[in-house]
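Undergrad: Please read through the structure below; I'll follow up with questions.
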Amino acid sequence: MSNGSVPVSGIGGRGDGEGSSQVHMESTGGMDRAKVFAVYGKGGIGKSTTSSNLAVAFSQLGKRVLQIGCDPKHDSTFTLTKRLVPTVIDSLEEVDFHMEELRPEDYVYEGYNGVLCVEAGGPPAGTGCGGYVVGQTVKLLKQHHLLEETDVVIFDVLGDVVCGGFAAPLQHADQALIVTANDFDSIFAMNRIAGAIQAKAKNYKVRLGGVIANRSERTDQIDRINERIGLRTLAHVPNYDVVRRSRLHKSTLFELEEQSEELERVRDEYLSLAAALWNGVDPLSPSPLKDREVFDLLGFD
């Protein structure tokens, strides 16, 4: 099937792992088969672009991949599916929020190269709690064993919010990845995200995997903060125009028909990143700085 909802085997109702602060789940068992990554970063930094291209890179390596968009804008997976797919909240509304009536094919869609796509969605702007929807989505995915029946799960998480339901992916992830650019605002957010992830790591298995430098020709400021707090850059995607064009084509970089040195380089970067993450990168335990320390550290002499 292409770009449509897909049936997934193994529907069942079993205990859940702990989700958001609003959702009680009982067990995190049964997810050992999949490598689970949570992607965070400053709003607008390119997390969805990064997540979708990384998902395809994993699929190019022969892995079964599930990408979960955790933003009310529900635009994480459109380059994979070529459309804004119905969200989990849309599907729940159709069954009057009786979660037990949903089937995987009601909210799971197949995208490019077989990547499975889910969009959590959220309430209308200014109402409700988007984080709660993320927590409920995690619960639903576990009930239907979707976090077990894949090789790789990628959570693409809203902005730099690491609280409540938006922290639910961290409670199920093996590693968190932070997308940043070589600028003050992105790095400032990165430092705060690293602190939040470290706090979660005290009670959950999640560890920081590293940093993905995005939309940046240079990485000197990223390198400076990495050295200071104990992070590392796993991949570097320069600010190539081919990335912008791929979004306008509603396409991942791997589907573009054009040929260019820039395109080949960025494809290779994602494939190398996927291979490194699959083979395993050493977990990090950074020591984030206080906000004023970041302010004093960054910039030019």
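Cβ coordinates are placed from backbone N, Cα and C, and glycine is handled just like the others.
On a predicted model such as this, the values are computed, not experimentally measured, just so you know.
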Undergrad: Do you know which of K63, K73, K200 Swiss-Prot groups with G44, I45, G46, K47, S48, T49, N214, R215 in the ATP site?
TA: K73
Undergrad: Cα of S48 (ATP binding site) to Cα of C129 ([4Fe-4S] cluster binding site): how many Å, rounded?
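TA: Cα of S48 (ATP binding site) to Cα of C129 ([4Fe-4S] cluster binding site) measures 21 Å after rounding.
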Undergrad: Could you measure between K73 (ATP binding site) and C129 ([4Fe-4S] cluster binding site) for me? Cα positions, answer in whole angstrom.
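TA: That separation, Cα to Cα, works out to 13 Å.
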Undergrad: If you draw a 10 Å sphere on the Cβ of C129 ([4Fe-4S] cluster binding site), how many other Cβ atoms land inside?
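TA: So the Cβ neighbour count for C129 ([4Fe-4S] cluster binding site) comes to 15.
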